[in-house]
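Sharing a structure below in structure tokens format, with a few things to ask.
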Amino acid sequence: MNLDLALMLDLLGCFFFAVSGCLLAVRKGFDLVGSVLLGSLVGLGGGVLRDLILNAGPPAAFSNPLYLAAPLLAAVVVYFVVGGVKRANRLVLTFDAGGLALFCVTGALKALDAGMNAAAAILLGVTTAVGGGILRDVTANQVPSVFDPKTMYAIPALLGSALATGLWYLGWLNLATGTISALLVFTLRMLALKFRWQAPLAARSWARPRFRRG
Amino acid sequence: MNLDLALMLDLLGCFFFAVSGCLLAVRKGFDLVGSVLLGSLVGLGGGVLRDLILNAGPPAAFSNPLYLAAPLLAAVVVYFVVGGVKRANRLVLTFDAGGLALFCVTGALKALDAGMNAAAAILLGVTTAVGGGILRDVTANQVPSVFDPKTMYAIPALLGSALATGLWYLGWLNLATGTISALLVFTLRMLALKFRWQAPLAARSWARPRFRRG
Amino acid sequence: MNLDLALMLDLLGCFFFAVSGCLLAVRKGFDLVGSVLLGSLVGLGGGVLRDLILNAGPPAAFSNPLYLAAPLLAAVVVYFVVGGVKRANRLVLTFDAGGLALFCVTGALKALDAGMNAAAAILLGVTTAVGGGILRDVTANQVPSVFDPKTMYAIPALLGSALATGLWYLGWLNLATGTISALLVFTLRMLALKFRWQAPLAARSWARPRFRRG
């Protein structure tokens, strides 16, 4: 896949995650600067972690100023558009799903381009995709949504990373197939949210205990 | 700026941040070892993150044993001096402001010396300055003070990083101007605390919701 | 010490820490995927942090697929074996002690093999040993057990790192002495838990305040 196209998907993922961060900032009562910071942490955090692990020079978010535009734009959009806390809560999950879908693809791609093996690429794709969201929720002092047992979160990202890795090995990964993979992941995640698809609990034959975010 | 002088400002910043960590350890009822650890996390965390991002060998905190002196000294000073929780609470913010002021200057300087562009240097200065405090508050299980909408926190750091970057490009950055920049940031932050200067909230025309640390 | 033997101790440490993560996932009501993720974060997190700081190529957990087996195996074992929350709570601490004991030894060893000085090796051993547990507890939204003033946690790790570093300098560090060092650390930590050995609090002559995990 052309790297400029990978950059485009990556920037779009940053923007989606940044919006989810800014929306959470609204819900938590942070100010505009906190909104930019939480947006940056979520939008850029997963990618910075990915680039630190790849160990190939300073992370893209620091060497390419374009990346800074994503959280700034997200904070401005959220500032002018958002109308209510209820809606914000639902939108966090939607934009988060968009970031998740794009990052699992670009994360796997970057790892493969850096010469990692397939298992590492899939793992790094999932790490990139769930990393930003974990940073967001830990910083805002709530249990990360990736651990919410009421809906699937990591499984769509895992499938997306594996799909992108498979396509890369077949030489079929390009902007079209990459975008389709991301759309599949997004659809899967939204369906999991809507129909509350659940994975089995962490211990066999257990009553489902109450899960609290706080 | 002479690197030894940069080292001096950096060590002083480590010490200030470490004291803020040890004071929070007192307030949270941690033991002396927890005090050293939280002091290390806050004092060294921002700088380690900065050096990981610069990707130029192991972080200074690990290659130069002098850095370890800062949290050890901080824990000892706090152990013998601190008298009450109320006072501790206020002192956390004061020492935190000192660390913030020094780290936004040394962070930007280190990034520029490593060949980064101006936007990246300013971003890395802010990251270094707010990073340690975020680690401290997340570890102690409270929402980071950088997100507290009741006072400005990141804006002084942003101004300090931008000022240091500007001085560096003009060739005017030395120990005197670096220290003056840090003093300006410190003063700004303390005034923001005293007069409760506020940035606009993250969403337009909203009632200011209650913000809870816990 | 032969590197393959170091790898064995490291993998065993990963497994122990991963089990502690999966057990906490059970206690918190996460699902099976959350269990794998929290197990990975705890089992691999400390080591990834160590390898990022050593700055010698991508972390072992990403370049060697064997590391992924540890959290997967841990999640399966916990899924089939665990029977109750009370027991889970106690087991978390036991497996955590196993991981702590092995990681302080392998962390120091890896740092020394990478050419770091003694102080840095001891610090990195402690960082590796306590890092995964801090990530686990912060992610599950509770104050890390390393800060619990009711029992010693970091001191055994510090002694283990120092012991391994001393043995390495004497040329006596091999699988036998490395394993004995780890067993000593494990025993010390379990005794500290059983007899509630306490370090002095972070401020002198203070009433011991209540410490809350939540």
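For all residues, glycine too, the Cβ spot is worked out from N, Cα and C.
Bear in mind that TrEMBL entries carry predicted annotations, made automatically and left uncurated.
Given the structure is predicted, the values throughout are model-derived calculations rather than measurements.
TrEMBL lists these features:
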type: TRANSMEM; residues: C:6-26; note: transmembrane segment
type: DOMAIN; residues: C:8-81; note: domain 'Glycine transporter'
type: TRANSMEM; residues: C:33-53; note: transmembrane segment
type: TRANSMEM; residues: C:65-85; note: transmembrane segment
type: TRANSMEM; residues: C:92-112; note: transmembrane segment
type: DOMAIN; residues: C:94-167; note: domain 'Glycine transporter'
type: TRANSMEM; residues: C:175-192; note: transmembrane segment
Any residues 6+ beyond the ends of the transmembrane segment (C:175-192) with a Cβ under 8 Å from its own?
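Sequence-remote neighbours of the transmembrane segment (C:175-192) are 1-2, 5-6, 8-9, 94, 97-98, 100-102, 104-106, 109, 151-153, 155-157, 159-160, 163-164, 167.
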So how many of the residues in the domain 'Glycine transporter' (C:8-81) end up helix, strand or coil by DSSP?
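Counting residues per DSSP class in the domain 'Glycine transporter' (C:8-81), I get 64 helix, 1 strand, 9 coil.
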Near the transmembrane segment (C:65-85), which residues from the same chain, at least 6 beyond its ends, have a CB less than 8 A from one of its CBs?
7, 11, 14-15, 18-19, 21-23, 25-27, 32, 35-36, 39-40, 43-44, 47, 91
Considering every residue in the domain 'Glycine transporter' (C:94-167), what is the mean pLDDT value?
90
